[in-house]
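Participant: My questions will all concern the structure given below.
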Amino acid sequence: MRERQRSSIRQRSRDREMRRTLSYDAPPFYMPSDAPGGSGGGAGSSSASGGAGGGGSSGPDTSGEGAGEERISQYRRQLGERLYPKVRALRPNEICPLFLNRHVLKCILDRRIGWHDLAFMDPVMYESLRSLVEEAETKDANLIFTALDLTFCVELCAEEGGEQVELYPDGAQIEVTAQNVHNYVRKYAEHRMLVVAQKALWNLRLGVFDVIPSNSLDGLTAEDLRLLLNGVGDINVQTLISYTSFNDESGENNERVQRFKRWFWAVVEKMNNFERQDLVYFWTSSPVLPASEEGFQPMPTITIRPADDDHLPTANTCISRLYIPLYSTKAILRTKLLMAITTKAFGFV
């Protein structure tokens, strides 16, 4: 029964849809402050820096480390080699290409990490654990937990070590029941979010404040920090309109130029969000909008070129400028614009 449960969880994780942005649609689920059936704060009372019960100034527990260097999977090594040059090359006001989970942002900010933060890291597992807590309140709770045959162990994926770890000493001998399930989900979330990557999280925070003042992020929430780092992935057309100015090089009368502007924004309005991200990426080299107007340096502009139905739009991403010929119809404008932004083969023209 236990193996069947684990296999089901692993299958659901494999079937999980890959998202371009992190999941913010999982409903928050707050645990009772005092868990029945056991003691221990778990992830619900963890400090971001030091794990459960740790203070803001404590470091990672390295007592369990071997004499050799820390093992790093080939996947992580390749990821670092690809991302580091991009992050290092960022200029002021550019968007960071590295997306961090919510609990990592909270760790950087030294904010309290709750077990519900697991929803942003692994929404499938979060929903499974949430179901366990709800089932503990039913009249058949004891029968359900007996059938599940769970213990205080966690089976890690390959990137997290690929082994089975006990959440308590002799955790393999402790059955999960309706009375101690709150402790189980807290300890599970704590291990997945904090314990597995404790050293990495601690050094990440140290690295951040090695290059910026220690009080520079005071007052920010995890969502605030995400906006500063990654911008706004949901492209709001009205916001984009407010940022954008036009330069007219078409030589046509004002009425035709104004009509063309209305066509352009009407086409953008009818795009889905992925198409708008492609447009902004083609235009500015970033698929998201900055958190505020100050993030655009320089502000985006559109230059309307002389009438020409044959050529595609072009862009100068260094100065956030889009060049569009004055097309004769809105249908041609839409076709040419979508063709240009979805080609994904950029170069000098």
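Using the three backbone atoms N, Cα and C, a Cβ is placed for every residue, glycine included.
Curation plays no part in TrEMBL annotations; they are all automatic predictions.
Quick paste of what TrEMBL says about this protein:
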REGION    1-70  region 'Disordered'
COMPBIAS  37-58  compositional bias 'Gly residues'
DOMAIN    88-349  domain 'HECT'
ACT_SITE  C318  active site, glycyl thioester intermediate
Participant: Taking the Cβ of C318 (active site, glycyl thioester intermediate) as the centre, how many other Cβ atoms fall within a 10 Å radius?
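Facilitator: Counting Cβ neighbours of C318 (active site, glycyl thioester intermediate) within 10 Å gives 9.
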Participant: Average pLDDT across the domain 'HECT' (88-349)?
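Facilitator: Averaged over the domain 'HECT' (88-349), the predicted model reaches a pLDDT of 85.
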